[in-house]
Amino acid sequence: MWYYEKKLQYPVKVSSCNPRLAKYLIEQYGGADGELAAALRYLNQRYTIPDKVIGLLTDIGTEEFAHLEMIATMVYKLTKDATPEMMKEAGLAPHYANHDKALFYHNAAGVPWTATYIQAKGDPIADLYEDIAAEEKARATYQWIINLSDDPDLNDGLKYLREREVVHSQRFREAVEILKEERDKQIYF
Amino acid sequence: MYTQTKYYYPYHSPFDPCKPIKVKSYETPPNLYMGFQPPSLPQFQPREALYHGTLWPALFSPYPGKREVVDNE
C-alpha cells in the first residue's frame, strides 16, 4: 500500500502563459517513454524479479508516480486559463474537442496510451535492460522538451526530472550487477 | 569462472495456495560479462561453430531449458 503526501516531489512553477508547451509536455504524461508507462512497468515487473531487486523497482515505480503528478501539474497550469481560441492557436483544438481542459493519457501527437508500450518478459536481465532503456529514452525526451521550451521556471522542474532519469538508470544498472554476482553456486539437478 | 544460470530462493508464504517452487533461476549469458570482445579468443572448428551459432566458445550459451521443481513434502 501507499501513503500519500499532499505535496509535489519538487515544486512546479510556470512563468509564461504558453498552452503550446502543454501539448509537448503531455508526451511525458501518456507517451511511450512517459512517467505513466514507467510507473506501471516497474510496479508490474517487480513481482517476478529476484528478491534482491524488488525493493528498487517498488521505490522507483513509486517515484515515477510523483513525477507523473508534477507533469500533470505543469500541463494543468499551462491550460487551465486558456480560452478555446488559445487552445486552437496552440494546436490543442483536437484535444479540446474531446476533453475540454481535462488531462488525458495520450502522447504529444494525441495517440492514447497503450499497454503495448511496456513489457514484462519475466527474464530479470531482459526486464532490467528494458528499464535502463526506458530511463535513457525518458531522459532524451526531457532534453527535447527543454529545447522546445523557453520558460525558465518550467525548465527548472524539467531539469530536475531529467536528473532523476539519470539516477534511476544508474540504479537499474547496479541491479544488473547484483544479479550478475556469483552467489550460492548451487548446482541444481 | 562464472555460471550462466543463477538461483534464488523467493519468499513463500504459508498461505500461498500452490506448493512452493523453492528455487527459481534466471539466465546470465556470457555477453553480460564480456564487455568489448577481446581479440584472439579460442575458436571452434568451422563445423562446430556452425552448430553452436558462434565461432567462440567464450560466447556460447547453452540453454538446457528451465526445470523448476515443485516441493512435495
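Easy rule for this one: first residue shown is 1, then count along the chain.
Positions of Cβ are set from backbone N, Cα and C atoms, glycine also.
TrEMBL annotations: computationally assigned, not manually curated.
TrEMBL lists A:E64, A:H67, A:E135, A:H168 as Mn(2+)-binding residues, and of the candidates A:E27, A:E35, A:E89 the one it assigns to that same site is A:E35. Sparsest Cβ environment among the binding-site residues A:E35, A:D59 (other Cβ atoms counted within 10 Å): A:D59. Here the Cα atom of A:H67 (Mn(2+) binding site) is found 13 Å from that of A:D59 (Ca(2+) binding site). Of all the binding-site residues in the record (A:E35, A:E135, A:H168), the one with the smallest CA separation from A:D59 (Ca(2+) binding site) is A:H168. The Cβ neighbour count for A:H168 (Mn(2+) binding site), using a 10 Å radius over every protein chain in view, is 25. Residues A:E35, A:E64, A:H67, A:E135, A:H168 make up the record's Mn(2+) site, and a Cβ search at 8 Å around their centroid adds A:A38, A:A39, A:I60, A:E63, A:A138, A:L161, A:R164, A:E165 from the same chain.
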